[in-house]
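**Student:** Before I ask anything, here is the structure I am working with.
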Amino acid sequence: MTMREQEVGVFDFVLLDEITLEKFMQNLQKRYQAGKIYTYIGEVAISVNPYRVMNIYGNDYINKYKNRELFENPPHIYAIADAAYRDLRQQNKDTCIVISGESGSGKTEASKIIMKYIAAVTNAHSQHDIERVKNVLIQSNTILETFGNAKTNRNDNSSRFGKYMDIEFDFKHEPVGGIITNFLLEKSRIVQQQEGERNFHCFYQLLRGASDAELKQYGLTRDPSNYHFTNQGSTETLSERNDYKTTQQAFKAFGFSSEEINTIWRTVAAILQLGNIEFGVQDDEIVIKNQNQLKTVSKLLCVTEAEASTALTQRVIAAHGDIMKKQHDKSQAEFGRDAFAKAIYERLFTWIVERINRAIEVPNKKLAKRFNRVIGVVDIYGFEIFEKNSLEQFCINYCNEKLQQLFIELVLKQEQEEYQREGIAWTNVEYFNNQIICDLVEAPHKGIIAIIDEACMTVGKINDEMLLEAMDKKLAHHKHYSSRQLKPMDKELKHKQDFRITHYAGDVAYSIIGFIEKNKDTLYQDFKRLLYHSNDKIISSMWPEGAQDITKITKRPLTAGTIFMKSMSDLVQTLLSKEPFYIRCIKPNDSKSSVLFDEVRVEHQVRYLGLLENVRVRRAGFVHRQRYDKFLLRYKMLSQYTWPNFKGPTDRDGVRVLLEEKRLLNDCKFGHTKIFIRSPRTLFQLERERNEMIPNIIIFLQKQVRGWIARQNYKKMKAAMTIMRVYRQLKLRSYIATLAQRFQHAKKMRDFGKSIQWPTPPIVGRRAEYHLKQMHGNWRAAMILKRYPRSEWPQLRLQIITATALKKRRKYWGQERKWLGNYLGMSTENSNYSSFNSSVNNIKNTEQYHHILFSSFVKKFNKCNKSADRSIIVTDTAIYKLDGAKNKFKNMKRSIAIREISSISISPGRDQLIVFHSHHNNDLIVNLQGEHTQLKDDRIGEIIGHVCKKYYDYTNRDLPVNVASTFSVNLGGKPRKISIEAVAGVENVGFKHAGQIIVFEVPSSYASSI
């Protein structure tokens, strides 16, 4: 048991306060309605069919139950599968899982879930063969369901055969193969189905899933109602189209060849066509009325039409060495046809099972058998009660009687053996022993099967009614057998037709009609010889007895009942040799509803499955038993003497100390290796106290674990940081070493290493690369500047700024001359320099600038399309526009702060035009000139250098410089364009306007670079 936050009811029926049918049903219904479809009876799992897809079979659930004890998690079929596999692995002994229940209770699904779990938990280590075996074991279900399952009134996918599968494991406990054994295929379904039921799935898959070309090849149409063997019951469409594709994929997964797959479907088609053959009488002889149908059947079975016709209409009899032919009458011909169809399908199904076994058989089986172990999975038909029950239901219900007897015997045996091992006194438990019913069926000479066999071997004409009379005579005093002749007042039984057996699951009335023929299972030798000589090698191999000489005397074949009884006996002996685990499946209702719980229907199953007896056996004295180490590990937190660890000599002493402190010793017994608890109350008390302690323990453990995790993470982080630091240093050293090697001769190079390709830095060195490049640039600049006097460095810095801004877009910009800056303050440049100096001093006092960086005479163009001689000065804060020399350089109160300049525009020629654009939409357009003439040297570069340097100082951004022969300007808030045009014959530059375009005319020699 574990702490179950959302547990509903009692997860183990053994823990019920009262063992009554009412309490049992209440708990089962309560759990089912809460979505808990699994409940335990000790180590037996009760599974209720949910009739819906449940999200409890994914990988997370597989991991949850892997290598866990049954009590550690809520009840689940995975827990049973894991227990079986763990016993095989730990105890090195064979185990088996017996799945039982009536039709529609979910047995087939349970077997598939078990195989899926075993395939998931075994460790393949990428071994191809093991993966193949896993896939093959799972895929085998698809094929067996196609050919062995059918829709019944109770179940859309009812198994109509019994299956026992051995999954074989090697010494490493990996699946290496297996073998499938099938029992009692319900072949009568081939020729007859009850109302609402269908034939085997394969017929409908072929008709509705195969391609048109395939159907044409087999001479079939898609409508099942066109065929006698599929139109007697339901023709309901399920999922045949997809199922056919799935079956084909499964065939390929098993390695079936195209020839084998074709033979299988061709044989299925032949059976459908065979059912439509009709017989008539002509000239007192039996004839086949529809010869085309005969022709199709012959073609599909690869035999001649004449041989097929002969086998269907007459039989060859050999007596005392003489051979003679006997003509059939119509009823004999129809009987032979139906028997032939059933036999073909049975041989086909057996061949498919054998073919699957060849695909999963263990290599070197004799050698491996000494070391290998198996898990057996029994998926066998459930108890059946139909409106009309015949020999098939009789055998099926006998099979369930045997399994119930085995179940009770093994459970009692396990309990007794465990009590004896542990030294606990055994308490006898009264239960219904169904051995008396098994004897009624199988007892030699006086059992029902023996009586039927005797009737089948009697020479002369004996019918079913005479058989019933013989049974009444021999079984008249058996309390579990009755008939209308023995109980004339029992009008539920038909006179001279029905008999009743009181099974452990309830009363079942069987119709004796057809018992003799079905038990004889007669098939004329002519059919065996016919198919042995088929041109299809696979079909021929299914009928080896057809090779016998017609005159050879053979033994009487065993009857169907005897064969089945022997197979049941072999199965029981196989199961007795293994450690058994049980899954008891229950059908909650007959309408396949996911919400309905039919109490009457479920109660009937609980009774006939003997579940209450199972609980009573398990509760014989003690409801719970557990190994001392497991028990102490689970409950040690309840005692101060056992928490966190018991210091005593043995776990048994620790358990005694714990129970003594809780005053529970009187309700317990101490075995050799286990503690036995008598009442559920004691267990519930321990669980309740444990659940109360768990949250505090969890918080404590979380605190300890989180602290440990934090410390480990800190150590890892510290170690990682050390590793990263050392690694970074290593990478940086390596990078620096590479740089040193590349730049070792840089000082001797003309460009001082500018042309050297820098190596790609490591990630950690990207920031270092930036600084190293700066260092190299500074060093290189210093090496270059060494050639120049220090007094020339300011001009050199300005020239570099200008060159960077122009980007080689203007060839001449005064780079070859010395830059003097304040030209208007020089007597050589300005004859009125004293007036200029006086004016700028006044401006300086008013505007508070520090230095005049540049000054020049200019010709200015304004918004009124007029040009005038002016002068400008560039200070460390702004550009000032002054009047000309005539007006003594009067301040015109027009200035542009350097930080407000948005860009500068110049032409690519040798003219001195420069435009200062500002955010006020009133640009300053000037042409630099001398006092009386045009400038002989270029000063554009000088003014650009000063303005760009100061702009960068203020804004930390480069000032855009536009170099073009045409560019846009704004004058008085209106957009205009300036176009620089070279005009032949013009000696002096000048402004003109033509509408919105301002034309700046220059001599043709000035525009040589435009």
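Positions of Cβ are set from backbone N, Cα and C atoms, glycine also.
Because TrEMBL annotations are produced automatically, they should be read as predictions rather than curated entries.
What you see is a predicted model, and the numbers here were worked out from it, not measured in a lab.
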**Student:** Quick check on the annotations: TrEMBL lists region 'Actin-binding' for one of 522-544, 568-590, 614-636. Which range is it?
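**Tutor:** In TrEMBL, the region 'Actin-binding' feature sits at 568-590.
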**Student:** Over the span of the domain 'Myosin motor' (8-691), how high is the average pLDDT in this prediction?
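**Tutor:** Reported value for the domain 'Myosin motor' (8-691) is a mean pLDDT of 85.
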**Student:** Can you give me the same-chain residues 6 or more apart in sequence from G104 (ATP binding site) with a CB-CB distance under 8 Å?
**Tutor:** N49, T152, R154, N155, S158, G382, K587, D590, K592
**Student:** Including all protein chains shown, what's the count of other C-beta atoms within 10 A of the C-beta of G101 (ATP binding site)?
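**Tutor:** Other Cβ atoms found within 10 Å: 25.
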**Student:** For S105 (ATP binding site), which residues in the same chain are close in space, meaning a Cβ under 8 Å from its Cβ, but six or more apart along the sequence?
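**Tutor:** Set apart from S105 (ATP binding site) by at least 6 residues yet with Cβ under 8 Å, we have S47, N49, G382, C585, I586, K587, Q605.
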**Student:** What is the set of residues, excluding G101, E102, S103, G104, S105, G106, K107, T108, whose C-beta falls within 8 angstroms of the centroid of the C-beta atoms at the ATP site?
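**Tutor:** Neighbours found: N49, N155, S158, G382, C585, K587.
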**Student:** Tell me the Cβ contacts of G106 (ATP binding site) under 8 Å, same chain only and six or more apart in sequence, or just say none.
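**Tutor:** Same-chain residues close to G106 (ATP binding site) (Cβ under 8 Å, separated by 6 or more) are S47, V48, N49, C585, K587.
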